[in-house]
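Some notes on the structure that comes next.
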Amino acid sequence: MSTLGNQYDNSLVSNAFGFLRLPMNFQPYDSDADWVITGVPFDMATSGRAGGRHGPAAIRQVSTNLAWEHNRFPWNFDMRERLNVVDCGDLVYAFGDAREMSEKLQAHAEKLLAAGKRMLSFGGDHFVTLPLLRAHAKHFGKMALVHFDAHTDTYANGCEFDHGTMFYTAPKEGLIDPNHSVQIGIRTEFDKDNGFTVLDACQVNDRSVDDVIAQVKQIVGDMPVYLTFDIDCLDPAFAPGTGTPVIGGLTSDRAIKLVRGLKDLNIVGMDVVEVAPAYDQSEITALAAATLALEMLYIQAAKKGE
């Protein structure tokens with residue numbers, strides 16, 4: 001049995017090649033990979049425009065434009081020479097069965113983490129982060145969350161599968177510690193009593209990158225960190241292809257600098273979510289997501305090279 005069931009089951013939304021043209025490996029548990037990329041083509045929990053199930057394919061497709069650069073600016077080294085990264089394709093589940101997706105994703109993540117691998121996941125809508133957090137918390141214990149988004153996703157509407165409730169549920173399950181967690185780029189209403197430090201888009205756009213990063217490091221401390229990036233954190237001028245766009249967001253330049261600034265954190269898991277290519281223009285949203293994902297891998301490679 002392969003990693004994800006049958007690698008052809010999701011062929012309507014899957015790719016023939018891996019992210020950045022990295023090797024495809026449908027048996028990553030026994031591989032010597034440091035990081036494993038998993039696509040999660042799921043959008044049943046969205047409250048806005050659907051289409052996030054096509055996000056992983058769009059990110060991989062456009063990533064070929066990034067594969068040529070070896071001594072990537074401004075890092076001046078090739079991530080692939082420091083990290084062993086493989087792409088295991090997309091999670092296979094019965095489309096239409098949100099619970100099965102959640103259970104299979106958590107089981108897949110638990111097996112990878114138990115084998116000593118780290119995960120970079122592509123959504124899919126943001127709900128996919130919750131089963132990933134459950135798996136990571138089993139392995140690493142309670143974590144800090146560094147969360148880029150236009151929305152806090154801390155809404156308590158009682159729905160089991162909703163991409164706006166994960167970070168209300170996760171603290172209650174003991175997966176993350178809100179007092180050591182930061183939400184960056186927020187520009188919609190939220191409950192100020194949830195314990196998270198919220199750095200709204202207005203202040204993040206006005207403050208220096210170094211100042212924001214210093215505050216993030218102070219809040220997170222030395223806890224294990226899960227990094228999640230909802231692409232709607234970016235302004236729709238830079239990322240129109242998403243389900244719930246909100247104007248007044250971060251530029252792609254500011255976002256990439258902030259991600260680079262997280263290099264010294266103890267990041268144990270990462271994801272990029274909410275790319276919906278049906279609403280994209282010239283693949284700029286997918287390109288932003290692919291570039292941010294690549295930068296996430298570079299901050300890991302930079303630490304390994306020290």
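Every residue gets a Cβ built from N, Cα and C, even glycine.
The record from Swiss-Prot ties ASP149, HIS151, ASP153, ASP230, ASP232 to Mn(2+), and of the options HIS126, HIS136, HIS139 it ties HIS126 to that site too. In sequence order, HIS126, GLN183, ILE184, GLY185, ILE186, THR228, PHE229, ASP230, ASP232, CYS233 are the residues of the chain that are 6 or more apart from ASP149 (Mn(2+) binding site) and have a CB within less than 8 Å of its CB. Cβ neighbour count for ASP230 (Mn(2+) binding site) (all protein chains, 10 Å cutoff from its Cβ): 28. Comparing the binding-site residues ASP153, ASP232 by how many other C-beta atoms lie within 10 angstroms of each C-beta, the top residue is ASP232. DSSP classifies ASP149 (Mn(2+) binding site) as coil under the three-state reduction. Working note on the binding-site residues HIS126, HIS151: by count of other C-beta atoms within 10 Å of each C-beta, HIS126 ranks first.
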